[in-house]
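Copied over from Swiss-Prot, here are the features:
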- 1-22: signal peptide (SIGNAL)
- Cys52-Cys66: disulfide bond (DISULFID)
- Pro58: site 'Critical for insecticidal activity' (SITE)
- Cys59-Cys70: disulfide bond (DISULFID)
- Cys65-Cys84: disulfide bond (DISULFID)
- Asn75: site 'Critical for insecticidal activity' (SITE)
- Arg83: site 'Critical for insecticidal activity' (SITE)
Amino acid sequence: MNTATGFIVLLVLATVLGAIEAEDAVPDFEGGFASHAREDTVGGKIRRSSVCIPSGQPCPYNEHCCSGSCTYKENENGNTVQRCD
């Protein structure tokens, strides 16, 4: 195997691994990311579980915080942003 063939093999391998990894981060219908998707045994539908945003993380839509509330706080740049309590 010469250098060009080895490079092409590595490129294909990286592409395949990237595609597999991208499937784990399927966007849900509310703009967030589902932690995992599983096939429901009744009806064969895919059910995505929602994930709450931990304390101190940005909450741009004022929803999905684990604590249930989101307030404006100053970030490291001095800008005011919404963060989960």
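Our numbering is plain: 1 for the first residue shown, then up by one each step along the chain.
Each Cβ is built from the backbone N, Cα and C atoms, and glycine gets one as well.
On the structure: features taken from Swiss-Prot.
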residue	record	DSSP class
Cys52	disulfide bond	coil
Pro58	site 'Critical for insecticidal activity'	strand
Cys65	disulfide bond	strand
Cys70	disulfide bond	strand
Asn75	site 'Critical for insecticidal activity'	coil
Arg83	site 'Critical for insecticidal activity'	strand
Cβ packing number for Cys66 (disulfide bond), 10 Å threshold: 13
Cβ neighbours of Cys70 (disulfide bond) where a neighbour is any other Cβ within 10 Å: 20
Cys52, Cys59, Cys65, Cys84 as disulfide-bonded residues, winner by CB count within 10 A: Cys84
Cα distance (Å, whole number) from Cys59 (disulfide bond) to Asn75 (site 'Critical for insecticidal activity'): 13
Position of peak Cβ density within 10 Å, selected from the recorded sites Pro58, Asn75, Arg83: Arg83
C-alpha spacing of Cys84 (disulfide bond) relative to Cys66 (disulfide bond), in angstrom: 8
Cα-to-Cα gap, Cys52 (disulfide bond) vs Cys65 (disulfide bond), nearest whole Å: 5
Pairwise CA distance, Cys84 (disulfide bond) versus Pro58 (site 'Critical for insecticidal activity'), rounded so that it is a whole Å: 6
